[in-house]
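K.L.:
Questions regarding the structure given below will be posed in turn.
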């Protein structure tokens, strides 16, 4: 550039080389590396470093950057080997273990030192001397545990410090005092404990403008975990609560099984929190010290890196004594914590404890076979849906049980497990809850709700926990007066608990004594000048308390009474306590009350002046009660004193936890001395009462019978018990005892009891006397009916289905009544009472279901419609099994009872005076099922009645024949309606009297005696009588005296009416039953064997009966003598006989299946047949009908021809040649009836064979051949159609009779017996000559 300011142009190529100039200088041979960077340091690189604040230009040759990272340096490099101008020294990711004093002396220009990610554990004081220009120091991710103020000496200009990731848990105060320029620090670690030891740091940081890094997070305690230290307040940094150590372990940590003579070392390490941290060793709770002779070597505590403390214990020669728990305990000023390990020392011959199952209130535990000396563990049963978040039920808790050296199980420890009973778990929750004045009343009301069901308590801990809560509430009575009433109610409810549970609770925790003691102290705690009187009433406890002045006291008489039961105005006082039932929630008028008057009036328990009330106990306190005050307690002005009275209905709460007579049954088998009267208490508080100059007079009413009465007072010293010292009996009557006592306290009369004391109307009390004879009559009638129908099964004309239903119904009604009378009051025995409740539950439901099933079957029969049978159509389906009825009427109650008992067997014992379901479970297990069964049954009754009514409306002429008297059968036009088909489509005669009117009988076996209307009326009567009996019986055991008597009488009426009706209807009024009874009696004379014959329904091939003469006796003479029978009293035409045959057609062959719906309505006439119980065999024979049809048809044609021939007297046929029923085709069972079958039914005339009649009661020739029991072929049907039509037009025919066995001709009866030889030879019957008679 010249003087004129000219500028030389720069070539473009030079401009491109300017940016590359620094790189070229570094790559030049003379400039690579910095001069003075020594070669001997392996892994170190040196480079120039641009000063901060310079954006361009060359590096300052005096500033050096040395990088020695990622190598294996065991210590920092010698500063003498580093360049003098080293500004940055990076030593990260090496293996440096410590920093010695003056490790960096000489690097005075060093500004940044990076020592992160090494294994530095010690930093000696003065390690950073000579680094006066150092501004950034990084010691993170090392193993530094000790940091003091000397550690950072020589760093006056340090601005940023990072010591995070080390192993220290706290910082000592003043550790940063040598860093005056420090602005940012990061010291977060995984062990950092933010407690009172770091409280100094927050104000120090504020005063020195120190910024704590946001990455400095607390690790302990757990409440401050992951919280930034900079965001905490000083008040949050405190050393309170449980001690939490970041490190605490014991080696070995698991149970060790060793042998005698082995060597076993222990090592315990924990966090070191300061000079007060110590480690101690314990064996089975006993402190251990070093003892070389015993083989115990205990080393001194060692401290590592100011962070850990370690102690070692060595057992050099293990003996049996070393078995048990070894404990390492860490003690600090803040608290103690410990770790345990179990050691089991085995002997040379070790035994085993056997496998065992233990069931208790904590669950079901199965302990396996365990080696002797070993402690076994079982996981507790957890309840994931429980609402009790208790530490004892936390997941992972276990029960433990030790097997001792002898191979015997020790008692287990189940305290960490939850209770299995819901009520016990809830009561345990109440015990754990903190109580204060703000929530005491609320908790008391909630607890009272649970004690209302105290009668169902099943665990002694229920009583223990309630007693503990009552004692806790006592401390708040002076602030909350309402607690008095709640506490008395809870104590009253607990008196309903089972006596054995009360005794167990007393033995476990003196629970009963605690309850009584709390009640005795209520008056002194609750009374004040503002509340000078308290009166509380409850079912079993009454309390009265007064605040009185001793100088104005003139005596006090108090009487405990209760309202007389409704309707017992004339009852004797002795009945009180015996008739009143134990009720969990009694009525208000049955509560105990006090009535007190001043002075000493003469009050008698027998003549209590309050209307409709009964006095139970009275006490008279003498006027000199306070005259014996000690001089120290007699100030010039007499103080106020508390006088309190209590009365307990019985002595249930007075239990001794010792082994004396207070335990049930301890005095001998069946007898013991127990409390036989109420217990009354009188006591003072706030003023001392010395020896009484006058005794206290007490009168008590007996509620239990016994002998040898004794006056006693309750002594709470020691185990507690009744003592007669100071009390004497004045007199004792059967109902009332009077006594004197020199003590203030609980007083009662003890007696030798013949049974355990029980509450009024208690367990085991009998029913009203009228119940027993009426129930006996009912059982006699029911079992007579059952036995009759079982022994005469084949001779009673009822269907198979009806037979099963009747027997089951009678049996279950008998079971209900018998169990009710015999066991409903047996509440003394828990298992028996539960069995009675289950049986009553089952039998009651089953009886109702059998009635419903019977109503359904009757409705099906009435609504049955006959199916139209086309030619070639298959026969109706076979009978359905009876098992379905048993599954409904017996299976459903069994399932309900099984589920109810499986859920909780105590659902069948409510501590009520009767054995039945608890109220709440009974709603779903009994009353709801009954509410479903009854409407369904009544609907079936209604539908059946409507079908009967519609039939009467459609057939007004037969309306008066629907409901018949017993033994009466439908005849006339009713027979015409059911006489449509005489023979079925397998080849039998289809003799149709009136086409379009006749329909076949329904495929159900009906009653051969009663019409459907009569059956329906009988079933409804039985149903409602049973309901009335059940309801009256239930009221008879649950009501009070007068309603109980009324209901007992009504029960007796209903039971007697039910039994008599069932027996009369099903046995006494049936001719077939009466005939079977007469058959059981021997004949009075030889002539008694000749019984008049009657027309019997004999089965055809298709199961339809026709009228024929029944055998007079099965013992008729086998000879073939001819005789003439006397003429019958009336004559019947063949048409009438045919009509009678069809009307009484049997439906046994149709089976027992349910009726199928069809298009036409069936006949309502009763269907009479000879042996309805063989219908299954007849039904099976249908399958062979086609194979034997031809043979059967030919035999019938022969019979027709022979019947018209005068030379064929052996065959019976009509004059027109029609064949009603061949003898060979009659059902074989028709000849096997009892003699009673030969009698005519009630209301039915005796019939004899008409001309052309082929009916016979003789057995067929070949009863075993199915071909002989088949219908005629359809060819035979065509051949005999015209003859049948002519026969139907006849009005009457003469009936020829024959005398058998020499009987005079023209007699009134005939003997139609045929010998078996004749039946086998000819298969026909003998008959007389035909007589002609005018025909219209």
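Any Cβ shown, glycine's included, is placed from N, Cα and C.
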K.L.:
Please state whether Swiss-Prot assigns residue 415 and residue 1067 to the same topological domain (same side of the membrane).
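P.N.:
Judging by the topology that Swiss-Prot records, the two residues are on different membrane sides.
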K.L.:
If you check Swiss-Prot, which of 84, 336, 984, 1296 turns up marked as N-linked glycosylation site?
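P.N.:
84, according to Swiss-Prot.
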K.L.:
Here are some residues: 162, 207, 792. Which is flagged as N-linked glycosylation site in Swiss-Prot?
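P.N.:
So the answer, going by Swiss-Prot, is 162.
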K.L.:
Please find, within the list 923-943, 944-964, 986-1006, 1070-1090, the residue stretch that Swiss-Prot describes as transmembrane segment.
P.N.:
923-943
K.L.:
To which residue among 101, 659 does Swiss-Prot attach the annotation N-linked glycosylation site?
P.N.:
101
K.L.:
Pick from 602, 660: which one does Swiss-Prot list as N-linked glycosylation site?
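P.N.:
Swiss-Prot annotates N-linked glycosylation site at 602; the rest carry no such entry.
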K.L.:
Summarise the repeat 'LRR 2' (109-130) as counts of helix, strand and coil residues per DSSP.
P.N.:
0 helix, 5 strand, 17 coil
K.L.:
What is the number of other Cβ atoms found within 10 Å of the Cβ of residue 741 (disulfide bond)?
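P.N.:
There are 22 of them.
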K.L.:
Are the transmembrane segment (831-851) and the transmembrane segment (885-905) close enough to be called in contact, which here means at least 3 C-beta pairs under 8 A that are separated by 6 or more residues?
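P.N.:
In contact, yes.
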K.L.:
Other than its close neighbours in sequence, what residues sit by the transmembrane segment (885-905), given a CB gap under 8 Å and a spacing of at least six beyond its ends?
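P.N.:
Residues 801, 804-805, 808, 834, 838, 841-843, 845-846, 849-850, 852-853, 917, 921, 925-926, 929.
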K.L.:
Which residues, sitting 6 or more apart from residue 727 (disulfide bond) on the same chain, put a CB under 8 Å from its CB?
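P.N.:
Residue 727 (disulfide bond) has long-range Cβ partners 711, 712, 713, 739, 740, 741, 742, 743, 747.
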K.L.:
Counting Cβ pairs under 8 Å that sit 6 or more residues apart, are there three or more between the transmembrane segment (923-943) and the transmembrane segment (1017-1037)?
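P.N.:
Result for the transmembrane segment (923-943) with the transmembrane segment (1017-1037) is yes.
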K.L.:
Looking only at the topological domain 'Cytoplasmic' (791-805), what are its DSSP counts of helix, strand and coil residues?
P.N.:
7 helix, 0 strand, 8 coil
K.L.:
For the repeat 'LRR 4' (157-178), how many residues does DSSP put in helix, in strand and in coil?
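P.N.:
Summed over the repeat 'LRR 4' (157-178), the classes give 0 helix, 3 strand, 19 coil.
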K.L.:
Which chain-mates of residue 328 (disulfide bond) that are at least 6 residues away have a CB under 8 A from its CB, listed by sequence?
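P.N.:
Residues satisfying the criterion: 250, 266, 268, 270, 279, 280, 281, 311, 338, 339, 340.
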K.L.:
As a test of reading the model: what is the averaged pLDDT for the topological domain 'Cytoplasmic' (791-805)?
P.N.:
88
K.L.:
How about long-range neighbours of the transmembrane segment (770-790): same chain, 6 or more residues beyond its ends, C-beta under 8 Å?
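P.N.:
Hits for the transmembrane segment (770-790): 796, 798, 803, 806-807, 810-811, 813-814, 817-818, 820-821, 1029, 1033, 1036, 1048-1049, 1051-1053, 1055-1056, 1058-1060, 1062-1063, 1066-1067, 1073, 1076-1077.
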K.L.:
In the same chain, who gets a Cβ under 8 Å from the transmembrane segment (1017-1037) while lying at least 6 residues past its ends?
P.N.:
767-768, 771, 778, 809, 813, 816-817, 820, 824-825, 844, 847-848, 851, 854-855, 858, 913-914, 934, 937, 941, 963, 1010, 1043-1044, 1047-1048, 1050-1051, 1054-1055, 1057-1058, 1061-1062, 1065-1066
